[in-house]
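J.: According to Swiss-Prot, the Fe cation 1 binding site annotation covers Glu28, Glu63, His66, on the basis of sequence analysis. Residues or ranges marked as Fe cation 2 binding site by Swiss-Prot: Glu63, Glu108, Gln142. The domain 'Ferritin-like diiron' annotation in Swiss-Prot covers 11-160. The N-acetylmethionine annotation in Swiss-Prot covers Met1. Per Swiss-Prot, the feature N-acetylthreonine maps to Thr2; the stated evidence is similarity to another entry.
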Amino acid sequence: MTTASPSQVRQNYHQDSEAAINRQINLELYASYVYLSMSCYFDRDDVALKNFAKYFLHQSHEEREHAEKLMKLQNQRGGRIFLQDIKKPDRDDWESGLNAMRCALHLEKSVNQSLLELHKLATDKNDPHLCDFIETHYLNEQVKSIKELGDHVTNLRKMGAPESGMAEYLFDKHTLGHGDES
């Protein structure tokens, strides 16, 4: 492994922050990978919930964009990107829409906790640029995602999922599909 050359643009950017950004990049890519797995599961012919598939594919793209935004920040601040292996999702069979939404909720809470820890590190290292970046691009979006997923879990449960297959079909069609006829 070659050592990265020192940056001429680096200023007030602590090595701990740089390392934490690299870990966050990996976590965002892992989240993207999990959502991609969920999307493919719901797109299977024996599951056939196309709006669950679309929803999770959209989430996958969002998480990848989060990782790319962090990579751009790393380069702007004079840090160096060191990519790690992306962990395989814990499962391939997501069982039901309700289970996938519960797993997604847990995942988003984990990502949010990691971002909060990154923000605390930036505060401790007196890095207002990093604090502002996290606040502007991530924290509010995470709270909205967690609320949306929590609502989806509640609504699926109220409709009788996972015992009622009709509940997931109707949720797929009318909530995730926004009532579309396609």
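In case you wondered, yes, glycine gets a Cβ from its N, Cα and C as well.
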J.: Determine how many residues of the domain 'Ferritin-like diiron' (11-160) DSSP places in helix, in strand and in coil.
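T.: Each residue of the domain 'Ferritin-like diiron' (11-160) counted once, the result is 114 helix, 0 strand, 36 coil.
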J.: Same-chain residues six or more away whose CB lies under 8 A from the CB of Gln142 (Fe cation 2 binding site)?
T.: Glu108, Val111, Asn112, Leu115
J.: Specify all same-chain residues, apart from the site residues Glu28, Glu63, His66, whose Cβ lies within 8 angstroms of the center of the Cβ atoms of the Fe cation 1 site, ordered by sequence.
T.: Leu27, Leu29, Ala31, Ser32, Glu62, Arg64, Glu65, Ala67, Leu70, Val111
J.: Compile a sequence-ordered list of residues in the same chain as Glu63 (Fe cation 1 binding site), six or more apart from it, whose Cβ lies below 8 A from its Cβ; state 'none' when nothing qualifies.
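T.: Expected: Glu28, Leu29, Ala31, Ser32, Tyr35, Val111.
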J.: Can you tell me the mean pLDDT for the domain 'Ferritin-like diiron' (11-160)?
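T.: Mean pLDDT, the domain 'Ferritin-like diiron' (11-160): 98.
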J.: Which number gives the other C-beta atoms within 10 angstroms of the C-beta of Glu108 (Fe cation 2 binding site), all protein chains shown included?
T.: 23
J.: Only counting partners 6 or more residues apart, tell me which same-chain residues put their Cβ under 8 Å from the Cβ of His66 (Fe cation 1 binding site).
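T.: Listed in sequence order: Glu28, Ala31, His137, Tyr138.
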